[in-house]
Each structure stands twice: as C-alpha cells, then as structure tokens.
There are 2 protein chains.
Amino acid sequence: MVSKMKRLLIGRPMKNSELEGEKLSKLKALAVLSSDALSSVAYGTEQILIVLMAVGAAAAWYSIPISLAVLGLLVILIFSYRQTIYSYPTGGGAYIVAKDNIGLSSGLLAGGSLLVDYILTVAVSSSAGTDAITSAFPVLHDYRVLIALTMILLLTILNLRGITESASVLALPVYLFVFAIIVLIITGFIKYAMGGAEPAVPVEWGSAANNVSLFLLLKAFSSGCSALTGVEAVSNAIPNFRAPAEKNAAKTLIMMGSILGFMFIGISLLAYWYGIIPSEKETVVSQIANSVFGRGTIYYIIQGVTALILFLAANTAYSAFPLLAFMLAKDKFMPHMFLVRGDRLGYSNGIIFLGVLSAILVIAFHGNTEGLIPLYAVGVFIPFTLSQLGMMIRWIKLKPSGWHVKLLINTIGMLTTLSITLIFIFTKFSQVWAVFIFLPLVIWIFMRIHRHYIHVADQLRINIQEEKLQIKGSTVVVPIGGITSVVRNSLSYAKSLTDNVVAVYVGFDDDSIHKMEEKWEVWNPGVRLITLKSSYRSIVKPLIKFIDTVEWKKNETDHITILIPQFITKHWWQYVLHNQTSLLLRAYLFRHKDVVISTVTYHLDK
Amino acid sequence: MVSKMKRLLIGRPMKNSELEGEKLSKLKALAVLSSDALSSVAYGTEQILIVLMAVGAAAAWYSIPISLAVLGLLVILIFSYRQTIYSYPTGGGAYIVAKDNIGLSSGLLAGGSLLVDYILTVAVSSSAGTDAITSAFPVLHDYRVLIALTMILLLTILNLRGITESASVLALPVYLFVFAIIVLIITGFIKYAMGGAEPAVPVEWGSAANNVSLFLLLKAFSSGCSALTGVEAVSNAIPNFRAPAEKNAAKTLIMMGSILGFMFIGISLLAYWYGIIPSEKETVVSQIANSVFGRGTIYYIIQGVTALILFLAANTAYSAFPLLAFMLAKDKFMPHMFLVRGDRLGYSNGIIFLGVLSAILVIAFHGNTEGLIPLYAVGVFIPFTLSQLGMMIRWIKLKPSGWHVKLLINTIGMLTTLSITLIFIFTKFSQVWAVFIFLPLVIWIFMRIHRHYIHVADQLRINIQEEKLQIKGSTVVVPIGGITSVVRNSLSYAKSLTDNVVAVYVGFDDDSIHKMEEKWEVWNPGVRLITLKSSYRSIVKPLIKFIDTVEWKKNETDHITILIPQFITKHWWQYVLHNQTSLLLRAYLFRHKDVVISTVTYHLDK
C-alpha cells in the first residue's frame, strides 16, 4: 500500500544510467534556477520605496539612483560568478570556493549559512505565495498555514519526482511571469512617453527631502539588495547542467542577469514616473499594472503569475539544498544519508529534510515568516562575500593570463558584498542577530559529525595484508520459555552449528522450574538445561546475569551466541498480544555486549 | 536516568515473597475499596432532589421514601454480595460469577462492561474532584484539564508504588470523610430535634405535588441508585485481602454497607428537615453543613474532605481494574501483558493502561465528563444483574443447605438490579445509548484476542515424545560493504561455525565491484565473494533477491543464516549518521523469511 502510494506520487524508480537524461538544458535551467532571483522583481522596488517613504514622498526620486546602484551590484555579481563557473566547472558553490581557497572554516561558514538560508527561502516564499492567494480570496485567510504547508508538500513531491519533470512543470509560470512583466514595462514606457499617464505626477528630480541621511539611503539600498538573493543558484548547480555544463551555466547566468536587471530597473522607473507610493493594501507592481492597464483581464493575469512565481521561488532552494548537502556529506560534515540518490535520482533525503524543516518553520511562525526576510538576506551575503574572497585568493595564487582583471572584478565584488553584509548587520541588527547564534551552532554540528566519521573510519580500517580471519570456538545460549515448536526449531539450528549449546529457563517459583526440568528429561534433546529462579519477576535480568557469567568463564577465543527463538505473528497487530521479552533482551545485548545475537524466526500461519 | 526516575517515583523493586505483606487488613481495605461507594453520599441525595424539583418544591418529601428504597436496594446488594464472597473466596467479580454459572458470553459481557466502567470512573471522579477544587479557587478554572490529569498521574504513581503504601496514604481522607459526615448528621439531628433549625421549613409530609408521575419517581429512584456504584469493589478484590480473605472481605462489605446506608439516609433526612432545595451554585451537602454549622472552620473541613473523597473515588478503579484485566488475560481474552506483576508487585500494565485511557477521556471531553455519569451507572448495573443471575443458577445447580433462602436473596437482588438497568435505559436512553456500541465492540475484541491465542498455542505445541531435534546443514550469507574490522569479525565468526560461508557485496558500478574483487583476492579470507550490481541504488533489494536464490537452491534440510556485521556507535545520536541498511534488511527478513538473522555486534570505543 505504502509502496503503491509512493509509485503514484513519485513515479517508477529510475536506473543509474538514466542520470544524464535528468540533466537540464539552458532554458529549463533558467526556469528551475532563476525563479528565486526573478521573483525579487515583485518586491525589490517596493522594499526601497518603503524605506524612503519614512522621510516623506519627496524622497521617492532617490529610488532611481538606488535602483541603479543595485543594478550595478547585479552586474558585478554576474561577472564575478561567471568567473567562478569557469573556474569550478564541477559546481562552485560558496562552500567549495571558500573551502578551496580560504580554508575549511570559511567553507563551513559559507555552507552552513546557505543551508539555513535555503530552509528560510522555502518558508518565506511559501508564506509569501500564500499571502498572494489570500489577498485574492480573503475567505481563505484562516487556512494560511494549511495552504503554505500544502505548497511545501507539493514542491517536495515535485522535486522527488526528479529535476527534469519538475522543470517542465515550473518552466511555464516562469516564462509567463517574464513575458507579463516585460509587456507591462514596454506598454508602461510607451504610455508614459505619449503623455497618457496622469493619475499621479512624479516628484521632481532632485527635490529636497528632509532628513535623508546616509543611514537611510544605505538601509534603502540594502533593502533593494534583497532582490539579488538567488543569483548564486546557478553556480551551485553546475552538475545539474547538460554538457558542456560550465558554458551552459555561464550563458544561463548571463540570461538571468539581463532579464532580472531589465525588469528591476523597468519597474523602478515606472514606479517613479507614475508617482506610485507603497501602500499596506496594494503592492507596487499591482499599482503599476492598474495604472497601465486598469483592472482588466491583463491586470489579473499579471497578479496571478506574480503570485505563482513568488511561490515557485521556493523551488530554487529545492534544487540547491540537496546538492550542497551532498557536497557537505561527501566531505563528512553532514550525515551520509544525504549522499544517497532516491528512486528518481534526486537526493531524496535532502529534499525531504528541506521540506520538513521549512514546514516546521511555517508552523512555528503561524505562516507569518516576513520577519525572517532580512535574516535570510544576510544569510546570502555572507557566503557571497566569502566566495568572492576565495576567488581573489585563487587568482593571486594561480596567476593565470589576464589575472589582474579577474582579480579586480572579484575584489570589487567582495568589497560590495562585504559592505552590504555590514550594512545589513548595522541597519537591521534587531532582525538579524539570530545569525550569530545559529551559524556557530551549525558549524559546531558540522565539526562534531566530522570528528565522529573520522573516529569510525579509524576504528574500522584494517590492514588487509596482515589482519586475516581468526577461527574460534563457539558457545550458544538459547533462552527458552517452554518446550514448543519454536524452541525445537531453534535448538535444532544451534545443535547443527556446535555441540556447545546451553538452554536457559527462567522460572518464578520452584514449582514451575521443577516441572520444566522433568519435561526436559522426557524430551531429552541432548542439550544441557540451566534453570534460573527470578525473585523479581524479570526474565531479562537473570538472563543477562547468566550471560555475564558465561562471558566471564569463556575461553578468551570463544564466540558467544545468544540464540533467541521467536515466532512471528501473521498480522502486525497481534504482536502486542505477546510479551516483548525477546525485544528487550535483544535491545540490551545490542547496546551493551560484544556477542552475536541470532534470531530464529518461525512464522505462524494464522 | 530513566531507571533512577522510576526508582524515585515507584520505589525499590520487591521480591515475589513480599507479596503477602502487600495484602490488605480490613481497615485498610475499607479505605482502598470503599471510597467510590462512600463518596456517593456527596451527590446521591442531590441526584434524587434534582429530578423531583422538575415538578416543584412540593415534591421534595418524596425524597424520603425514594431514599429508603435505595437503602433497601443497598441492603439487598450487600446480602447478595456477601453470599458471592463466600462462594468465590478467590475473587468473585461479576465476570467470574457470570462465566461460571451462566456462560462465557455473559461473563465477557459483565467483564467488558466493568472494564469500560472503571475507566469512566477514573475520568468522572477526577473531573468531579477538579470541580470541587475549582469551586473553592475559581482562578484555577482554566487549568481544569491539567489538574484532572495531574490527579490521574498522582493516582497512577501511587498505585504503581503498591497497594499497601497507597492504602496508607488514602486511609486518612476516607476516615476523615466518614467522621466528618457522621458528626454533621448527629449535630444536625440534635439541632433539628431541639427546634433550632428554622432558616427554611420542610414541605409537609404527603403534600400533593402536581404531575408526579411514575416515570418521574422511577427516574428519581434510578438517579439515587447511582449512589450504589462501587459496592461491587469488595467482591472483586478478595485476593487482595489478608487471610482469611473471604471472612475479612465479608466483614469489610458489611462495614461499608452500614456506613454508606447510615450516611445516605442521614443526609436525605437532614435535607428534608432543613428544607434544602438543590441549586446550581451550591451542593446539597454544602447547604446542610452551612445550615448546621454556619460558614466556619467545620464547614470548610467538611467541604475539603468531600472534595478529597470524590477524587479518591477514582482509586477504587485502580484496585479493581488491574485485577479484572488479570483474570481476563489469564483466560486469554486480554493481552498477556496484564498478567505481569511490576517491580512493586502491582499489575503495573493494568494500572498504566487505566491511567492512560482515562486521561484520554478527560482530554477528549475537556474535563467535562459529567455527561458520562448515567453511562457509567448503567455500566455497573449490567454486571450487577448478571452476577445475581449467576448466583441464582449456582444455588439451583448445587442446592447446598438452606439454598432456598440464598436463592431468594439473589432472586430479589437480580430482579431489582435488572429493573434499575431497564429504568436507566428507558428514562435516560439519550445518555446511555453508547453502551450498545461499545459493549459489543469490547466483546468482539475479547473474542479476536482469544482466537489468536488459541491459534498460536496450537501451532507452538509439540509432542515431546516424538518431535525431537533435527540436525541440518547450514549456509551462512554475510552481506558486506567493504573490508573492515567489523567484516573481519563477522567472517571469523561465520567460519568458526561452518565452512559454507558466502560473502555478498552490492556495488553500484562495475568499477567499485572490480576494485572490491581485487582487494578480496589480496585479503584472501578463504570465503567465496559474490558481487551483485545494483542499477537502482538499493542495497536491500539485490540482497533479498540473492537470498531468495539461495533459499531456492538449498538442500531441503539446510538452515540459512543471514549474518549482518554491525558496529554500534558509542552514543545513540551517532546512530543517525550511518545508513540503516542493516536495519531495513533485518526488518524485511524478520517479517518475510524463515531464516536465521544473526547480528555480530562490534562496539566502537569513541
């Protein structure tokens, strides 16, 4: 039943050899990897305007230079990451670049920061998508958490089905969104140029607004920078690209950058020209669409695809998280389970882990995860900075042809991202302080896991030239509760292995022990019976004491086998009807003794 | 840690031989077994008055004849149960008496009915006790469920500590309650006789009240009969008495009946003389105490011990439920686990089961379990009736000296309890219909459990004269993931048992398989290596397929052992860091194959 459900939801299992078919073409990669970055268009301009409005509407014109600054930063990031892609064709996430060039701790800092960030992305995006839905249908407001969780569940299932299939499903909304926004921008430009846009007049360029401090401008700039989160997704995911992976990845990155830059600056200009002021009740994009098209079909299409892409932004994390977890697991900083490809060749454990953790966040915050946005932005810029720094060190070390230009690009990148990180921390400390708790914690966990794996490997390693098998004698102890077919079966097995077999019976009174001994004599299986009397009604404790004695007496070179007769009921619910002595005994021995624990199963027919 | 907590809460384990010391003296038995019955005094009269008030205050005088009728019923029950105690000195609950004399189904009907009833008792009593507390301290009202659950937890722990110890704790409040009520009655009588009680005047005896129908009187009578629940506790618990058990039990029963009867009729008379009318806000006992003593220290003491005994009424169920569950388990109608005595010689599983189920009821009803009272009363009178019927049949069958009188007593008992059951069903059907669902269900579950145990016993039974051991050959299959110290250990063990050992390696590509084969040749352990290639990244599936093949090829008389090498990490949390292939394999084989599953444990040091 469970396995049928799984087939239905996830699809048939795929062979290893089908892996290449799962890789992404440029266009599909754009859909899968850019929804996070592109969706920023829906709120980037708005974030800037909200900060500026704090000092009055006259400051609105500052949004244009700030947007240009963000655009400049985007260009810097795109060029920096293009260099990373060519240097790390097997996948150059911040973790790899920082680890390779700066050192392990920086790598872990970048990796841990990104891992937590992907979880935040899913939680924040699914909540934002839900808000878009409940804005359109207010009756659904009470079901916010449920809707967000359903979205997370859907994304998880989609990603478990495999990358290509989810790309096919996700491509359409992304393309629709890009198309819709471009149509909006072009129509808006034309309408403005023809002087047809006069519901509101833009504030004059260069108007003197009061109280515009540097702090405010920096805060507005850093808010606008949240539009840049998601740009790193391409360089993390190079192994998912079809060959030649690095070229395709670089082209995809440039495509994404161009589209994002065009849309972002376009929306900012329209917002300025149409004199739009951010409002609690209506988003900036919605106001622009309203001004340009009025509340008609086109307006609702734009709103619909915007809601959809906000929701799909979470999908970027679903591509990036499992890959990063895989790389950390390969280096023994995360559990091995993140190494395993599932039935559909995705790293299922990473996908499920991401889904569960973000679902927990959504539940914990009752679907109001907006407060996490700055935390999530700072969590992106830390690895950005480390990655750029790593590239700088790399150029200085390797000195390839033209390395001065490359170093310059990455240096500019590093300085800007570092500045933004610091601006975030200084202007929004009350919202991002948690980063100083969870990052050290995550890194500490990485270290503990790593140490454990190293210890285990040390203990398991043998010298195959010298350490051969050691043949020893064997003592088999069979705990019995009576003379039954299961006991007969177990003793037959034990006697087949060795003559050194002891049956142990635990009785609660002299009477039952005496009866057992008499019956044993009649049966006469050729096995010595030891009877123990338990004063405390426990079967396990006297048995363990007896096993201790056997262990103590045994020849140094003897194996001890505890052979547990066990019948298996036909239906699982019948299991509770029988006492779980053997389970307790097995659990105890498992943890505490270096013995062999054997179970002779005997399946009942009815 | 867990075991230390257990020691602290429950106390040190006790030997079987300490059992006799745990048995009850008459006075302690009175405390443990009568709190349910005696606590009825707190609400019995009130229940009658509430029904009568439906037709007006003039009907109040009917409470005296109705109370006398209830008293008469009490006398009948006491005499009937006294006969049962002497006939069944080893414990004559309704289950035993009905099963012995009427038939198995009747026994199960009585037993099932009582079991469910005890759970209801705990839920209802703990809620009622909570109400008493929150009436005194209204600020606690929001914590009702928590308080009730704490009470259940306390009772459960107390009972897990053992019967005598809980008796010592419980004796005092019961005695205090009896003493307080007797003082109240005597003082009230004297005050009334001296004409000092004139806050209200009783309605005249025989006043004509309108609309007093037979239905109403029967309903009032059946409500009053809820005061009789708990009377059966003594006859169920005879094995808990100190020797001579039946004599002590009979004496305890008479003592309890006399006290209950005196207190009940006393309260009814005082309520009539003092002209008390039941109110939503104040209980009848509280009004009487107020009239007699005024709101002074004595009043608060009476209220306090009344609250306490309501809460302790639940304890009767804690004595009776585990014993009844034990008897049903002994007859294979309930899981074996109810047969086991815990560390402190009580039937811990029954105690815990009762605690958990009643806690679930309290949570499900948010602590408002008053609606369950009629259900709980009818659940008591069904086994009462069956028990009396059983005794009647017994006298007719055995015909001991003086059997006519004995038959007469039980016939009267049977007819009255049967009538009350029917009155309950007819006058309060809307509250007791659930009994017609859960009783058949419980009996069906009993039957299913019984059938399962019989089937298992059939399949386990062997003829010890004929069915001896069968010595067979053995094939050992060792799944390995590489050449490590754990594998070396496991193969050494396997080779010690038999030469017929096969190691199986599952690889995901030709390369890893080839490498493994080369390494194996170097190591040369003298064991054949079989390599399997898995196209689907599953290790378990190819292994199971291989085991199928071995099973199919094997000599009919050969045992197959699957030997699983397993290292045990030092700390439990490290367990998740390793893949659980062996766990999956073991679980699959356990359920599906008649093979021997051996685990060679290897404990890591760090």
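Please read every residue number as a count from 1 along the shown chain.
Every residue, even glycine, has its Cβ placed from backbone N, Cα and C.
In TrEMBL, annotation is done automatically, which means it is predicted and not curated.
The transmembrane segment annotation in TrEMBL covers A:60-81 (among others).
Feature annotation from TrEMBL assigns transmembrane segment to A:102-123 (among others).
Residues or ranges marked as transmembrane segment in TrEMBL: A:143-160 (among others).
Same-chain residues lying 6 or more positions outside the transmembrane segment (A:172-192) and placing a CB less than 8 Å from one of its CB atoms are 30-31, 34-35, 38-39, 41, 259, 262-263, 266-267, 269-270, 273-274, 288-289, 291-293, 298, 301-302, 305-306, 308-309, 312. According to TrEMBL, the transmembrane segment annotation covers A:172-192 (among others).
Summarising the annotation, TrEMBL assigns transmembrane segment to A:212-231 (among others).
Residues annotated as transmembrane segment in TrEMBL: A:252-277 (among others). Listed by sequence, the residues of this chain that lie at least six past the ends of the transmembrane segment (A:252-277) yet keep a Cβ under 8 A from its Cβ atoms are 26, 29-30, 33-34, 37-38, 40-41, 44-45, 48-49, 53, 57, 60-61, 63-64, 67-68, 70-71, 74-75, 77-78, 81-82, 85, 178, 181-182, 184-185, 188-189, 192, 197, 199-203, 227, 231, 234-235, 241, 284-285, 287-288, 291-292.
Taken from TrEMBL, the feature transmembrane segment covers A:297-326 (among others). Residues 32-39, 42, 91, 93, 95, 111, 114-115, 118-119, 121-122, 125-126, 128-130, 132-133, 136, 151-152, 155-156, 158-159, 163, 166, 170, 173-174, 176-177, 180-181, 183-184, 230, 233, 236-237, 239-240, 283, 285-286, 289-290, 334, 338-339, 346-347, 349-351, 353-354, 358 of the same chain sit 6 or more residues outside the transmembrane segment (A:297-326) yet have a Cβ under 8 Å from a Cβ within it.
Counting residues 6+ beyond its ends, the transmembrane segment (A:347-367) has Cβ neighbours under 8 Å at 118-120, 122-123, 126-127, 130, 144-145, 148-149, 152-153, 155-156, 159-160, 314, 317-318, 321-323, 325-326, 337-341 in the same chain. Annotation source TrEMBL lists transmembrane segment at A:347-367 (among others).
Long-range Cβ contacts of the transmembrane segment (A:373-395) within its own chain (Cβ-Cβ under 8 Å, at least 6 residues beyond either end) map to 77, 80, 83-84, 87, 92-95, 97-98, 100-102, 106-107, 109-111, 113-114, 116-117, 120-121, 124, 222, 225-226, 228-230, 232, 403, 406-407, 410-411, 413-414, 417-418, 420-421, 424-425, 428, 431-432, 434-435, 439. According to TrEMBL, the feature transmembrane segment maps to A:373-395 (among others).
According to TrEMBL, the transmembrane segment annotation covers A:407-426 (among others).
According to TrEMBL, the feature transmembrane segment maps to A:432-449 (among others).
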Selection from A:60-81, A:102-123, A:212-231, the stretch that has most Cβ pairs under 8 A to the transmembrane segment (A:407-426): A:60-81
Maximum Cβ pairs under 8 Å to the transmembrane segment (A:212-231) - stretch from the list A:60-81, A:102-123, A:143-160, A:432-449: A:60-81
For the transmembrane segment (A:432-449), sequence-distant contacts whose Cβ falls under 8 Å of one of its Cβ atoms, 6 or more beyond its ends: 105, 108-109, 111-113, 115-116, 328, 332-335, 374-375, 378-379, 382, 424-425
